[in-house]
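Trainee: Got these off TrEMBL a minute ago, pasting:
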{"type": "DOMAIN", "residues": "C:14-225", "note": "domain 'Cytochrome b/b6 N-terminal region profile'"}
{"type": "DOMAIN", "residues": "C:228-398", "note": "domain 'Cytochrome b/b6 C-terminal region profile'"}
{"type": "TRANSMEM", "residues": "C:43-70", "note": "transmembrane segment"}
{"type": "TRANSMEM", "residues": "C:91-113", "note": "transmembrane segment"}
{"type": "TRANSMEM", "residues": "C:128-149", "note": "transmembrane segment"}
{"type": "TRANSMEM", "residues": "C:161-184", "note": "transmembrane segment"}
{"type": "TRANSMEM", "residues": "C:196-216", "note": "transmembrane segment"}
{"type": "TRANSMEM", "residues": "C:248-268", "note": "transmembrane segment"}
{"type": "TRANSMEM", "residues": "C:280-299", "note": "transmembrane segment"}
{"type": "TRANSMEM", "residues": "C:306-325", "note": "transmembrane segment"}
{"type": "TRANSMEM", "residues": "C:337-356", "note": "transmembrane segment"}
{"type": "TRANSMEM", "residues": "C:368-387", "note": "transmembrane segment"}
Amino acid sequence: MLRSTLKAFAILGGLLAIAPTPARAAGEAIAIPDTRFSFDGIFGTYDRASAQRGFQVYKEVCSACHSMRLLSYRNLRELGLTEQQVAAIAAQFTVVDGPNDEGQMFERPGRPSDRFRRPFPNQQAARAANNGAYPVDLSVITKARLGGADYVFALLTGYQDPPAGVTMMDGMNYNRYFPGHQIAMAAPLNPDQVEYADGTPATVEQMARDVTTFLAWAAEPELEQRRAMGVKVILFLTILGGLAYAVKRKVWADVH
Amino acid sequence: MADSGGAAATDGTPRRDFLNLVTASFAAVGVGAVAWPFIASMQPARDVLALASTEVDLAPIVEGQAVTVMWRGKPVFVRHRSAAEITSAREVPVSQLPDPAPDQARVQKDQWLVVLGVCTHLGCVPLGQKPTDARGDYGGWFCPCHGSHYDTAGRIRKGPAPRNLEVPQYAFTSDTKIRIG
Amino acid sequence: MAIGLHNSDFKNPVVRWIDQRMPIFTMMQKEYGTFPTPRNFNYFWNFGALAMVNLMIMIATGIFLAMHYTPHTAYAFDSVERIMRDVNFGWLIRYVHMNGASMFFIVVFIHIWRGMYYGSYKAPRELLWMLGVVIFLLMMATAFMGYVLPWGQMSFWGATVITNLFSAFPLVGDWIVALLWGGFSVDNPTLNRFFSLHYLMPFVIVGVVFLHVVALHITGSNNPLGVEPKGPQDTLPFHPYYTAKDSFGLVIYFIVFACLVFFVPNMLGHPDNYIPADPLVTPAHIVPEWYFLPFYAILRAVPDKLGGVLLMFGSIAVLFVLPWLDSSPVRSMRFRPIARISFLLWTVCFFVLMYCGAMPAEEPYVTISRLATAYYFAYFLVILPLLGRLERPLPLPESIARAVLGGGPLPAGAAAKPMEKA
């Protein structure tokens with residue numbers, strides 16, 4: 001009886017496991033290479049140094065067009081920056097606040113509790129400044145794209161000259177991994193575009209890896225806590241399962 | 001399974017009871033651990049805690065005047081005290097107060113009194129900020145809900161309130177500016 | 001005993017005092033303590049209890065999420081992300097709720113599948129079965145409205161597509177759609193009413209679940225043999241036998257649940273739902289949540305709008321009349337070799353439809369969907385009624401005890417030999 005039950009479950013489980021996957025694989029199939037990140041796997045954690053460098057890349061390159069409206073400067077504490085460093089970063093930006101007692105809006109230096117400054121006040125302004133293309137918000141970008149961090153890394157390093165025979169639309173750039181291959185964003189990273197304080201050579205790949213790590217952290221800041229808790233919960237449940245099974249056998253011993 | 005419950009076996013307790021007890025305790029720990037995230041989720045969230053400071057420009061507040069500013073969703077009274085008010089606050093023997101505290105301990109600069117505008121009785125906002133308000137018997141604030149009288153140092157003098165108006169954490173960022181929180 | 005008091009068997013004075021005035025302890029003892037339950041359940045019989053626990057988890061997490069969620073188009077997406085980032089353990093509660101919906105459907109699909117395989121819908125359990133179908137429908141409506149609340153791209157476009165289904169109905173269609181929307185499109189009024197109903201419906205489900213359990217405790221449970229218990233030798237008291245067995249199953253269920261929540265919380269979701277809703281841009285490929293895919297495939301299998309909608313609703317409505325379509329007196333498929341094969345093929349078709357529902361509406365998926373849809377309905381409307389007349393079932397065991405213990409009727413408790421667990 002147990003055998004047949006298990007068999008039936010195995011079949012059902014197998015079918016359930018494969019059934020939903022095509023939902024993710026559908027669409028134009030471009031193979032995204034699997035990039036190794038520090039946060040891969042069950043025990044992976046964010047490489048803090050890399051994520052800090054990634055924030056620098058975001059701040060000096062991406063943030064010219066891309067907002068991260070769900071993040072606040074205070075969140076950077078989680079990347080290992082000190083309270084003073086965060087306050088100093090926040091103070092570099094000017095924030096509109098108000099209204100004051102005269103009813104006027106006024107500008108003041110940013111505070112850690114402020115959201116990341118947005119490059120454009122709204123979507124229309126962003127489009128107007130970018131030939132009609134909207135630079136997407138990057139707050140949860142690795143959760144919002146098929147392939148996640150792998151895709152973001154592939155996109156950042158996937159720029160190349162269009163292959164022969166491909167006609168590019170005006171103002172578009174060729175990218176191997178962008179769906180349709182024509183992307184409005186020009187290759188954002190160039191060698192030595194930023195100068196890392198820790199002396200890491202700023203190759204395109206290094207910058208792409210760093211900023212991807214930063215963006216993955218921004219999208220899932222709870223990831224490390226989640227996985228650590230998950231390991232504990234599963235261990236606990238495994239023991240509880242063993243105990244429950246022993247109790248069940250004991251209870252049923254006099255029936256069989 | 002071999003009988004491994006040695007301790008249970010020696011005192012004659014059936015093994016199943018011991019096993020049941022361990023399993024039930026484990027399950028109880030699990031249920032307790034599950035309850036915690038739910039309870040914690042009702043505590044202030046991180047963005048709420050992060051918004052906990054307010055700046056006030058003192059320059060426009062003339063002597064005898066008071067302003068009310070919002071801090072953590074509650075009113076803060078900032079009062080520019082006159083010399084007479086300071087004196088009256090300091091003349092009272094501290095030992096006669098329901099909640100003894102010297103005036104000096106409640107201010108950073110003598111003329112500036114900063115207190116939470118929340119009556120320590122049941123949380124109403126006392127009157128006394130506007131020139132037309134009743135200020136109670138001691139020239140400070142008067143809570144109309146249940147009749148508590150506060151003096152010019154925000155100390156409780158009469159009525160049901162148990163404690164003085166709370167002084168929030170604040171600091172002078174310049175001569176004419178304070179940051180609360 | 002004083003006049004008017006219930007005659008309580010409980011010794012504990014406090015319990016007794018309450019029980020005499022309101023015999024809930026007697027009732028619990030009767031329905032979950034000594035309740036005679038067939039002795040031969042396999043682990044498929046855990047799933048009713050699992051569904052009940054799952055419903056409680058959804059209600060608990062949902063109530064706490066609602067404390068932080070804002071049902072407004074301008075704030076909904078951000079308030080969900082705020083739960084994920086700023087609320088203490090908000091990510092945990094939200095991921096449990098989100099994956100809890102998937103777990104709920106996995107559990108309920110298996111629960112329904114078990115009912116169909118072992119003939120649990122047959123007399124005298126028709127009403128029990130129909131109440132179950134009602135619960136399933138309410139669940140689908142609740143899940144659909146819940147998916148709209150984060151106000152991502154899939155929320156918005158899923159809501160748009162599904163509400164537009166109702167426009168297929170002649171005469172009243174547009175009126176119904178406007179009623180659902182509260183405007184000219186899916187917008188803030190829609191989000192608000194969906195939030196309200198999403199909060200309400202689980203409690204309606206609780207009510208129907210209660211009726212489902214009441215009906216169950218009148219007829220008693222079916223069992224893998226489909227043979228009614230004939231006496232005490234065929235049954236066991238629910239406690240401790242099935243409480244122990246359900247507890248073990250529950251822990252296994254929690255382990256699967258925890259794997260989803262802690263390690264792949266977004267696996268069953270769609271990345272597009274992390275893009276805020278944009279009424280001007282439709283995602284390239286709209287797919288509903290995985291548990292709706294089979295029904296979505298049936299919808300798309302029909303080239304006619306109204307026909308597709310009717311067939312989709314019909315695919316669930318047919319379950320209501322299943323007890324009368326299947327006229328065979330034998331419940332369990334174990335003793336119905338042809339029906340068993342037909343049903344397993346139906347199960348395969350269900351998964352094929354699930355697969356096709358996730359695929360773009362193009363060949364070969366359209367043709368496959370049509371074939372699978374045809375078989376889905378043929379099983380109910382043609383095969384089962386015919387088999388009821390034509391099929392020769394295998395000989396049924398005389399009683400549960402005889403089949404289980406392999407000998408003649410034995411005195412209770414005198415197990416002749418150790419046998420397989422379950």
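Here, residue 1 is simply the first one shown, and the rest follow in order.
Every residue gets a Cβ built from N, Cα and C, even glycine.
Given the structure is predicted, the values throughout are model-derived calculations rather than measurements.
Just tell me what is around each of these and how deep it sits.
Mentor: Same-chain residues lying 6+ beyond the ends of the transmembrane segment (C:91-113) with a Cβ under 8 Å from its Cβ atoms: 44, 47-48, 50-51, 54-55, 57-58, 61-62, 64-65, 80, 83-85, 132, 135-136, 139, 143, 146-147, 253, 256-257, 260-261, 265, 268-269, 289-291, 319, 347.
For the transmembrane segment (C:196-216), the residues of the chain that approach it from at least six positions outside its boundaries are 48, 52, 55, 58-59, 62, 66, 71, 125, 127-128, 131-132, 134-135, 138-139, 141-142, 145-146, 149, judged by C-beta separation under 8 angstroms.
Sequence-distant neighbours of the transmembrane segment (C:306-325) (same chain, 6+ residues past either end, Cβ-Cβ under 8 Å): 112, 116, 121-123, 125-126, 129-130, 133, 136-137, 140, 165-166, 168-170, 294-296, 298-300, 373, 376-377, 380-381, 384-385.
Sequence-remote contacts of a segment are chain residues at least 6 beyond its ends whose Cβ falls under 8 Å from one of its Cβ atoms, and for the transmembrane segment (C:337-356) they are 113, 116-117, 290, 293-295, 297-298, 328, 365, 368-369, 372-373, 375-376, 379, 383-384, 387, 391, 394.
Taking Cβ pairs closer than 8 Å, the transmembrane segment (C:368-387) reaches residues 297-298, 300-302, 311, 314-315, 318, 322, 325-328, 336, 338-339, 342-343, 345-346, 349-350, 352-353, 356-357 in its own chain, all 6 or more past its ends.
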Trainee: Under a criterion of three or more Cβ pairs within a distance under 8 Å and sequence separation of at least 6, are the transmembrane segment (C:280-299) and the transmembrane segment (C:43-70) in contact?
Mentor: no
